[in-house]
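The structure appears right after this line, and notes come after that.
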């Protein structure tokens, strides 16, 4: 079967945004205009096509990123048909992992901002993630019909707060309730969308006289930005004072793909104005898979290799999301980087080192699907029938093995105990948690050996709320939830030498292991380091890995209060052995004893996770917000001015003090403040708090 759409006409894009910027409504309009979704779903009715999990519909926020394939011929049917694969990404801070995951597999992104609230703390997080993966992007300033909407102010914020060179290619005509349409600053025409057919058709009109001067000035800025793409264009621009429409578009496209500029559009998705032009901009300015550098990976010989976006290259794809579907079981969403994959064929999972067979391949629309015979370079689709895959695995041609870049997932910071309400729920809970953990690498499940409770850990309270909620809805498991626990850690602050000696003579063959260890604090974040400094074979070589293992096991179990130990450098420098009685077990125990003894003498401290917190609040609640953060042992690091009397407070606060913060902040500010929180670092817990925790654990 030949390729139906040439790869140059593919656009793999994400739509990213802050929680309330109107991203889901924007995606809905995209589906509507691309002719796939005939009734526009509104988020406030809980009926949007991409928000297909029930909780999303209830909470009105997007949680799982669904991949949707659409086709677009242009607002004026001016293009040959392009295939646009859209990955919907969540904007809530507890789900930044989903955003990271989708940015990995995209070639470009549309970032949606709210016309009145502009750049919010969460938008900065998303923007930094897009910078990290060097994703070319366009900006859509939405909600231009809202009170306080101001396109130019948001553009200015993007320049100052996000440090991007933002080039508007549109100007709004009117704002708030007078918002009627936009000016296309490249064509220098006003666009008037037809309200009778929900904006499916439009007319070009002359620019309103009151905006002519402003539009001319912005057109000039845009042409200058285009001219900077190359010396030839710059020379032409300086000589003739202008460039052709075609030259402008090509140059802006090139600079967007190089991440030098960010083009800005505006509109109101809700009022059916603007999204049509965003789709045109996606086609004109965002890259096709062949316009971005080929993905790199590591082959069997540990050599770096590239996989170009080409059907003739060996097959390679990345599994970027696992979802459980009530009808077909597990769906593995994959981005195909190179080659062709036919349904029913075998693939190799190079991360797990296992062969698997793909049952069926389906292309997802927001909530229905078409079956495909094959997928090719550039495609995004879902595979059915894969058993062993987890998020971030590479699937490749068994004869050309490669591991594409691994995704790095953050460590969870909050843990709660869950117990099934009845015996019947017990077995179902295990299966449910296993499936949910395969879908979401930032969520962990473990059993506490002492209390034999099941513990689940995640990125925040909302994250775990939703997991518990999904267990109830999707798997019918009712469970009781314990109080949240913080993931404390331990470390040492001094260097010591310590002896670990394990001798057991009780008739028959004895046990003998003896080591001397030097324990030193390692740099923050450097983790555990083991150095073998044995000379002259005083500890035989075959027992050294056992010593290392014993130390690591003891580190996992902690020395003060049973929390894992971080950032320690251990040197094995001396010891002795017995010809007959020494074995691996004895040296493992000796290593563990030596570490515990040493760590207790090396000024051990308890570490608590500290979060970077940003609160956006109206100025009149500022005092209350700061006072409350101080009460929570927060360290105020600074304040910025937002627009319209809004203040942004930056603070570092211990996680243990942040439980229930969302509710407290809402009631203190009558729901007008919002906050974002992400893990920053581990810091020493104050003595009184450490003492209380150690006593409660002993």
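Heads up, residue numbers simply count up from 1 along the chain you see.
Including glycine, each Cβ sits where the backbone N, Cα and C put it.
Quick look at what Swiss-Prot annotates:
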- 17-24, 88-92, 142-145: GTP binding site (BINDING)
- 8-290: domain 'tr-type G' (DOMAIN)
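In the predicted model, the domain 'tr-type G' (8-290) has a mean pLDDT of 82.
Residue 20 (GTP binding site) carries neither a helix nor a strand DSSP state and counts as coil.
Summary: among the binding-site residues (17, 20, 23, 89, 144), the fewest other C-beta atoms within 10 A of the C-beta are counted at 20.
Mapped onto three states, the DSSP output places residue 144 (GTP binding site) in coil.
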